[in-house]
Amino acid sequence: MQTSECKVKGPIQEGCASGCEKSWSAYQACSGRVAKLEHDEKANCLGQFLEHVQCIDKCVGPKLFAQLK
């Protein structure tokens, strides 16, 4: 029986998130700044969010594929 990627990936992501606290803090700081800008519709934190996702993905990738082989 094959292991589902979704069942394996979730717990690995949660474990990897603790190693990406710096990028998460940067995203939260940006989010706080953007929330204060009431009239600036172009302001967003997409860059910081993508950096956080990339950090988690770099950690998850090797661990996930090792389990799915």
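Here the Cβ of each residue, glycine as well, is placed from N, Cα and C on the backbone.
If you check Swiss-Prot, you get these features:
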DISULFID  Cys16-Cys59  disulfide bond
DISULFID  Cys30-Cys45  disulfide bond
Look up Cys45 (disulfide bond) in the DSSP assignment and reduce it to helix, strand or coil. coil
Between Cys30 (disulfide bond) and Cys16 (disulfide bond), how far is it from one CA atom to the other, in Å? 22
Rounded to the nearest Å - Cα separation of Cys16 (disulfide bond) and Cys45 (disulfide bond): 21
Note down the number of other Cβ atoms within 10 Å of the Cβ of Cys30 (disulfide bond), including every protein chain shown. 17
Would you count the other CB atoms within 10 A of the CB of Cys45 (disulfide bond), including those on all shown protein chains? 19
Cβ-Cβ distance under 8 Å, sequence separation of 6 or more, same chain as Cys59 (disulfide bond); the residues meeting this, in order, are Ile12, Cys16, Gly19, Cys20
How many other Cβ atoms sit within 10 Å of the Cβ of Cys16 (disulfide bond)? 18
